[in-house]
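Colleague: My questions will all concern the structure given below.
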Amino acid sequence: MSASKDRVVLAYSGGLDTSVAIGWIGEQTGREVITVAVDVGQGGEDLEVIRQRALDCGAVEAYVADARDEFANEYCMPALKANALYEGKYPLVSAISRPVIAKHLVKAARQFGASTVAHGCTGKGNDQVRFEVAITSMAPDMDCISPVRDLALTRDVAIEYAEKHNLPIETTKHNPFSIDQNVWGRAIETGFLEDLWNAPTKDVYVYTDDPTYPPLPDEVVVHFEQGIPTAIDGQPVTPLQAIQELNRRAGAQGVGRIDMVEDRLVGIKSREIYEAPGAVALIEAHQALESVTLERMQRRYKKQMEQAWGELVYEAQWYSPLKKSMDAFIEDTQKYVTGDIRMVLHGGRAVVNGRKTDTGLYDFNLATYETGDTFDQSSSRGFIEIYGMQSKLAAARDVRLGNGVGF
Ligand code: ARG
């Protein structure tokens, strides 16, 4: 089917705003609306229920996709290989889900002949940028609109519209927070959290239990093959299962709670609470295995690449050429990241206490201070002589010119 100007594809969550947006976009633009709901492991309602609701709210077609494995394999695993933590803390939960949702939006737009893609984001956040940049990076011919931002669909209007048109959606239930969640974690913002002094209350958390009162410590062994978790305690797992299993076990120990103020792409600072037990535990384990398997300079340079990768992905560049080049670098570093990591999950932390690998660079005979030492200590003397040469010369100059260090 060729693209025509009269259809809009809408990213649909099944909630109030996007349910109202179906009819609202229709009225405001005179075009038919096709909804797209993507399962990235957010839990909650069945996709079929969401599909039916979209049709009941006036969508001409309702596309649903179970993208859980796709999300885990192609989005979470690259984030894990990159140990990606924006501003040193945030595992990019929402930032990595937008590109996969955008991919399905474009797919549906092609399938149903739409030339415009709509999403439910406001005009203040990162997600509008991520959706639109991802969409036009895959389909430069697409237009993007946001009913909230561009068509004046405020919350009050949404409630009034839903009641007037008898839409099959709850209008009275008002969540105190804005929440986005998927298998990689959960993001909670707005409401009383906007006051930076307010500590998060218990009801903020769903993926994690309170780490103040942990159950008995839980020891887990994660096996990685080339940077990907492939078994937990000896049981083979897919990436999706690995994340789910660690969400459950690390979540029970309160691992992965994050309370931070972050810098959005649009220049606003915002208070965010995250919980990402599986992601945080996996990154901890993956880093530990890399510490044994990556060559020193490669590891040091990768660290810089990881920060740049995280910033790029946070800032809506998932499908950019630079991101692809970085992925190639990161992929190459993972060649020998194979082995077992043992961790204790307890009291809000995932602590590594054992590593085993056949592809590591740790050499017991070089490292040991016991018998069996094969390191020739006499070679260090000459090494230090040359290594310290430049600083020694500079210090001698200071002394000569009376700018000595003062002792
Ligand atoms: N600030 C985070 C990000 O930009 C999370 C945004 C998710 N949205 C939400 N409604 N909590 O990736």
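Any Cβ shown, glycine's included, is placed from N, Cα and C.
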Colleague: G120, G123, G125: which one does TrEMBL list with A11, Y12, S13, G14, G15, L16, D17, T18, S19 for the ATP site?
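Modeller: Among G120, G123, G125, only G120 appears alongside A11, Y12, S13, G14, G15, L16, D17, T18, S19 as ATP-binding in TrEMBL.
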Colleague: Can you match one of Y90, Y207, Y213, Y301 to the L-citrulline site that TrEMBL gives for N126, R130, S178, E262, Y274?
Modeller: Y90
Colleague: Suppose the L-aspartate site is T122, N126, D127. Which further residues of the same chain have a Cβ inside 8 angstroms of that site's Cβ centroid?
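Modeller: Other same-chain residues near the L-aspartate site: C121, K124, G125, Q128, V129, R130, R264.
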Colleague: List every residue in the same chain as N126 (L-citrulline binding site), at least 6 positions away in sequence, whose Cβ is under 8 Å from its Cβ.
Modeller: S94, A95, R264, L265, V266, Y314, E315, A316
Colleague: May I ask which of the binding-site residues Y90, D127, R130, E262 is closest to D17 (ATP binding site) if we compare their C-alpha atoms?
Modeller: D127
Colleague: Among A11, S13, G15, S19, D127, these being the binding-site residues, pick the one whose CA is nearest to that of E262 (L-citrulline binding site).
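Modeller: Answer for the nearest of the binding-site residues: D127.
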Colleague: Would you mind giving the whole-number mean pLDDT across the domain 'Arginosuccinate synthase C-terminal' (177-393)?
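Modeller: Its mean pLDDT is 97.
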Colleague: Determine, to the nearest whole angstrom, how far the Cα atom of G15 (ATP binding site) is from the Cα atom of S178 (L-citrulline binding site).
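Modeller: Checking the Cα atoms of G15 (ATP binding site) and S178 (L-citrulline binding site) gives a distance of 12 Å.
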